[in-house]
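J.: One structure follows; several queries about it will come next.
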Amino acid sequence: MTPQPFTATILGSPRIGPHRELKRATERYWAGTIRRAELDSIAAGLRRDTWTALTAAGLDSMPTNTFSYYDQMLDTAVLLGALPRRAADIADDLDRYFAAARGNDAIQPLEMTKWFDTNYHYIVPEIGPDTRFALNPAKVLGEVKEARDLGITARPVIVGPLTFLALSKAVDGAGAPIGRLDEVIALYADLLADLADAGADWVQIDEPVLVTDILSNAAELTAQTYRLLGGLTKRPAIFVATYFGALNGVLAALARTPVEAIGVDLVAGGYQAVGAVPELADKTVVAGIVDGRNIWRTDLHTALGMLESLRGSVGELAVSTSCSTLHVPYTLDAEPDVDPALRSWLAFGSEKVTEVVALARGLRDGREAITEEIAASQAAVASRRYDPRLNNAHVRERISSIASSGATRGPAADRRSAQNERLHLPALPTTTIGSYPQTTAIRKAREALRAGEIDQVEYTHDMRAEVAAVIALQEDLGLDVLVHGEPERNDMVQYFAEQLDGFFATRHGWVQSYGTRCVRPPILYGDVNRPQPMTVEWATYAQSLTRRPVKGMLTGPVTILAWSFVRDDQPLADTANQIALAIRDETVDLQAAGIAIIQVDEPALRELLPLRSKDKGDYLAWAVGAFRLATAGVNDSTQIHTHLCYSEFGEVIGAIADLDADVTSIEAARSRMEILDDLNAIGFSNSVGPGVYDIHSPRVPGTAEVAASLRAALKAVPAERLWVNPDCGLKTRGQDEVVASLRNMVDAAKEVRVDG
Ligand code: GLN
Ligand code: ZN
């Protein structure tokens, strides 16, 4: 077949709507205030607007089926008939879909986990012995038709068979899902025939799993899959897209199959290796040169140079973003507060499309055709390089001299005795992770502040009242170590970003995190510095209300890094150290203000773990180094806590021990004993608080249940090292559940202290 060649595209686009229209509509549908037809029509409107805007901007190939009501992996499970059996009885297809994603009274939801090393979470399909695959192409075909009705030729995007199976989870004793590859390939073959009938001349099959070490025989499986699909006679032209890293040996294997186009991530993967694969000489290479997941403007001069040097060694060359722009906000136009210099350095979703189109034009018509665009991008690059905010001599000098300037803490045993002498805590001390329910009153006050209806003084006054209520509640419950409840924080990263030099917090820079949940990652553009204390007044106010110790609450450097858009002009490790220094300053000030316990949360420690095994050691070394830099400025008698959640910790267990926090609270509702055993296995001997109940569910755990799990934990950890706490912060929970759960938790601790 001779498909229409294309020159400028993107791999996918945001779908929540420029003003989060889809989020709002979906939540209204869940609440029962709108019907299916209205939701569908809002969704169709968003797709139409997206396609029309992308066409107008000059793309000549249009990704479709990148829209989703919840998640693309879940969509693929539906496509392949692989929803779990427990959802099968729900008659309405959309309700069944949402039930699989979110659960309901009767059924457990599917798990959710991070999409590679991004902050997007996908739904993990379950493949069991009774999974009967069957093709259900309605959504994919529907979008092809919808686009055609608008006069647009669709390039449907589907998650590839290798990625789908590698990221799914085996259940009920089934073997690894990849063992079912043959069956699944057969369904993809049928789908390709359907797409050809529907008039699609290209299909994009996403195989990001090929940039990881997840499949040990990736090259073979790639050859097997794409020789078969490529060998079909009735099919659209196949574009296999990869992203988030380099393909290494798999690139040549893929290039030897009969697919027409291969997408490579030149931002994360480099371009030299691509030029060195002779088999690409008769392929279309879709060059992901515009960063799809960070917000920096592309240096068009350099980018065009790379493309020109690739051109000779491949068949056709098309320009693209490195991955879907799902990971960046819609447009810079929505950010009135960015100063002109910073604005000139940035490119959000729609600005990236403009860059792709310009590069494609430069490639086709020569550099002269985009002289102005190149000049503007070079001016931005120069302005960024010389901006004083990116090079704070004071910060840089402190980093380099920190080893000699900072106090270093003593050995763990000395610290423990100093802390025991100061704190006099009972065995099995009870505490919480930091946040208490974000009540409607809190949200209203924040809204009112933003809208200018109340001023900062009144807002602070309201939040202090919340703190006082939370302290009174904890005293009443009889908790041993209290917290102020974090009512003043919109978000555990943004709150700090707003107070640190070097960060810009966007107004509308929403990015989908999962389902209808969106986040606004701050932009970390410059050298990080803490102009003044950030949390000391809140902590000391809370401490003034009680004789029990109040924990100071900080977010750790790795988590701040992971949940921001980070500068790309220096190693991540250097940026992490700068943040660490700012957090360290805060710990020292908290200590000076009389705070005896400080918690530095690192829920994202696991998240930034590189995709390739060989890179993991380096990462863990600098991540642990940054945490220790942040926490080693205090005395032995100040107790350092950390908190970890959201992941399987197996791979990073050694790093958790190396953090050397005095107390580590860790999400463990599902596998408490495993974590304790893993920690024991590596000789971890600091204190640990494995979460005793799951805060992600509204269920209130009974006293006996918590006591039983404490007794089980005591088999692995002695009472003097075991803490009692929930799995994570309580901000998403309702007040009544929280009170009931904590009361039972405290009762259970008391019971176990007495009876053992
Ligand atoms: N201290 C934070 C809270 O309690 C921790 C949140 C988290 O672990 N994600 O909300
Ligand atoms: Zn947590």
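Keep in mind that glycine also has a Cβ here, set from the backbone N, Cα and C atoms.
The model shown is predicted, which means the values in this text are computed figures rather than measured ones.
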J.: With Ile433, Gly434, Ser435, Glu486 listed by TrEMBL as L-homocysteine-binding, which of these, Asp589, Asp601, Asp615, Asp618, is given for the same site?
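T.: My reading of TrEMBL gives Asp601 as the candidate in that site.
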J.: Check TrEMBL: it lists Arg20, Glu21, Leu22, Lys23, Lys114, Asn119, Arg517, Cys518, Trp563 as binding 5-methyltetrahydropteroyltri-L-glutamate. Then name which of Glu458, Glu466, Glu607 it lists for that same site.
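T.: The record-listed residue among the candidates is Glu607.
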J.: Under 6 Å from ligand 1 by Cβ, which binding-site residues from Ser435, Trp563, Asp601, Asp658?
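T.: Among the binding-site residues listed, those whose Cβ sits under 6 Å from ligand 1 are Ser435, Asp601.
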J.: Provide the three-state secondary structure of Glu486 (L-homocysteine binding site) computed with DSSP.
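T.: Where Glu486 (L-homocysteine binding site) sits, the three-state DSSP reduction gives coil.
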J.: Please report the number of other Cβ atoms within 10 Å of the Cβ of Leu22 (5-methyltetrahydropteroyltri-L-glutamate binding site).
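T.: Taking all protein chains shown, Leu22 (5-methyltetrahydropteroyltri-L-glutamate binding site) has 23 Cβ neighbours within 10 Å.
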J.: Do me a favour and check the Cα-Cα span between Trp563 (5-methyltetrahydropteroyltri-L-glutamate binding site) and Asp601 (L-homocysteine binding site); whole Å is fine.
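T.: Roughly 13 Å, rounded to the nearest whole number.
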J.: Near ligand 2, which of the recorded positions Leu22, Lys114, Arg517, Asp601, His696 are found, taking a Cβ distance under 6 A to any of its atoms?
T.: none
J.: How would DSSP class Arg517 (5-methyltetrahydropteroyltri-L-glutamate binding site) in three states?
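T.: The residue in question, Arg517 (5-methyltetrahydropteroyltri-L-glutamate binding site), is strand (DSSP, three-state).
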J.: If you measure from the C-alpha of Ile433 (L-homocysteine binding site), which of the recorded positions Arg20, Leu22, His643, His696, Cys728 fall inside 10 Å?
T.: His643, Cys728
J.: If one measures from the C-alpha of Leu22 (5-methyltetrahydropteroyltri-L-glutamate binding site) to the C-alpha of His696 (active site, proton donor), what distance in angstrom results, rounded to a whole number?
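T.: With distance taken Cα to Cα, His696 (active site, proton donor) is 24 Å from Leu22 (5-methyltetrahydropteroyltri-L-glutamate binding site).
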J.: What number of additional C-beta atoms lies within 10 angstroms of the C-beta atom of Asp658 (Zn(2+) 2 binding site)?
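T.: Asp658 (Zn(2+) 2 binding site): 17 neighbouring Cβ atoms within 10 Å.
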J.: Work out the three-state DSSP category of His643 (Zn(2+) binding site).
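T.: Note: His643 (Zn(2+) binding site) is in a strand by DSSP.
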